[in-house]
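Noted in Swiss-Prot for the protein shown:
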{"type": "TRANSMEM", "residues": "9-29", "note": "transmembrane segment"}
{"type": "TRANSMEM", "residues": "38-58", "note": "transmembrane segment"}
{"type": "TRANSMEM", "residues": "73-93", "note": "transmembrane segment"}
{"type": "TRANSMEM", "residues": "108-128", "note": "transmembrane segment"}
{"type": "TRANSMEM", "residues": "161-181", "note": "transmembrane segment"}
{"type": "TRANSMEM", "residues": "208-228", "note": "transmembrane segment"}
{"type": "TRANSMEM", "residues": "240-260", "note": "transmembrane segment"}
{"type": "TRANSMEM", "residues": "306-326", "note": "transmembrane segment"}
{"type": "TRANSMEM", "residues": "328-348", "note": "transmembrane segment"}
{"type": "TRANSMEM", "residues": "374-394", "note": "transmembrane segment"}
{"type": "TRANSMEM", "residues": "408-430", "note": "transmembrane segment"}
{"type": "TRANSMEM", "residues": "452-472", "note": "transmembrane segment"}
Amino acid sequence: MIKTLDLVPVLPEIFMAVAGLALLMLGVFRKEDSTKSVSVLVILALGAAMVLVSSLGGERLTAFNGLFVADRFAGFAKGLVLVASAIATAMSLPYLEREKIGRFEYPVLVLFATLGMMMMISANDFIALYLGLELQSLALYVLAAYNRDNARATEAGLKYFVLGSLASGLLLYGISLLYGFAGTTSFEGLANLFAGGHDHPIKPNMGIIAGLVFVLAGLSFKVSAVPFHMWAPDVYEGAPTPVTSFFAVAPKIAALCLLVRVMTGPFADLVEQWRQVVTFIAIGSMFVGSFAAVVQTNIKRLMAYSSIGHVGFVLVGIAAGSTLGIQGVLIYLAIYLFMNVGAFAVILSMRQKGRMVEGIDDLAGLSKTHPMMAFVMAVLMFSMAGVPPLAGFWGKFYVFMAAIESGLYTLSILGVLSSVVSTYYYLRIVKVMYFDEPVEAFDKPVGTSMTLVMAVSTIVILAFTLIPAPLVTSAKAAAQVLFPAAG
């Protein structure tokens, strides 16, 4: 029987589920086109969920016999996901109206995907993890192929669905191996078994290690880490641009936070075993992301490889396996959110004679035709490249310092080298905007929502340098929850 008290930690998720179903009904029963009104209500629902998440406070609460956990780490991660989803929904409205593909299902799917992400972040058992992951994935498959009259979008959705199903299979196989050898799917149960705090502690054998590797492979696909990144460039390029902006931020943050919880929870005592795998994936992601982006001509494909590189940097912090490492990861993800939504606001404003353009060369002479847009893009590109004193530099600084503290010197040096390589393609965009002659100006006006997103993201990136304390302290408090002994 479910106690009323048991439902308190799950209030934000219950609210999101009820809101999603209510808005689905509203969209169906309204006679006229309801995309705009449903989108506004979805943004309000995401805001209300944010209030509910923050009202839970920082104490650790569990629900459904320990399947679900709400703590400071979950609160921080859910905050990032809700902000990313709200911004993505706001940015998509003008695009859907211009392209005449506005349907009320779009914002509702974003809401359900976000609900899945929140469930993933709070999962305290592999069954709950899979439930949240699949709810998110099913909504994202539909969003990828949302523009069904476009062959590229349909192809993107199909590729994502086929490869996503394969990744889910790998993940489930890993979970079944872990259950077979350990006898439990609970994070706390597994942690006790490996830590020796159980009547019959077990040593990590080949079955456990194989299960762990399969789980890592399944989750690596969800964050598009090398070598499970094949889908990302095609899906990012083929999907409608607002969908790409959503894919690049919210699901990635949720999956990386889930990976943090899995690695530091049930497998905290197997750090030496999983660190090798995570280090390999991190190095691959950083270098493949950096070198592949150099040759791209389409800005959405470039952003796909850029995000693969960023995942590599985040994995450096996870490989450190310490409070400092996870603090660095959370700071990096918060900065990554604003860098990406700002860059996608510029990409969504790339219109010539009413149609979207996606070539890097189309940005030529932007400093002369749209000086403010060029300034925003330049700040964001410098930040992504990790140029001090911008926020992007500090994000990398924290994860590399954590890696050095954990003795991962080679990983840190390779990370810095790949960061130097990535500087080339970010600065190439700045060079095209400021030193190339304009071919054709972008359409004006840019739109209120885009201008607002560009302004806020630029202010956040510049302000972090001056006042880093709020983010750094909240990230530290969230990270310490996962390491109670070190806290």
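Backbone N, Cα and C define each Cβ position, glycine as well.
Long-range neighbours of the transmembrane segment (328-348) within the same chain, counting only residues 6 or more positions beyond its ends whose Cβ lies under 8 Å from a Cβ of the stretch, are 76-77, 80, 83-84, 87-88, 91, 94-95, 241-242, 244-245, 248-249, 253, 256-257, 260, 299-300, 303, 307, 310, 313-314, 317-318, 320, 358, 373, 376-377, 380-381, 383-384, 391-392, 394-396, 398-399, 401-402, 450, 453-454, 456-458, 460-461, 464, 471-472, 475, 478-479. Taking residue pairs at least 6 apart in sequence, the transmembrane segment (208-228) and the transmembrane segment (306-326) share three or more C-beta contacts under 8 angstroms. 208-228 is the stretch from 9-29, 161-181, 208-228 with the greatest number of Cβ pairs below 8 Å to the transmembrane segment (240-260).
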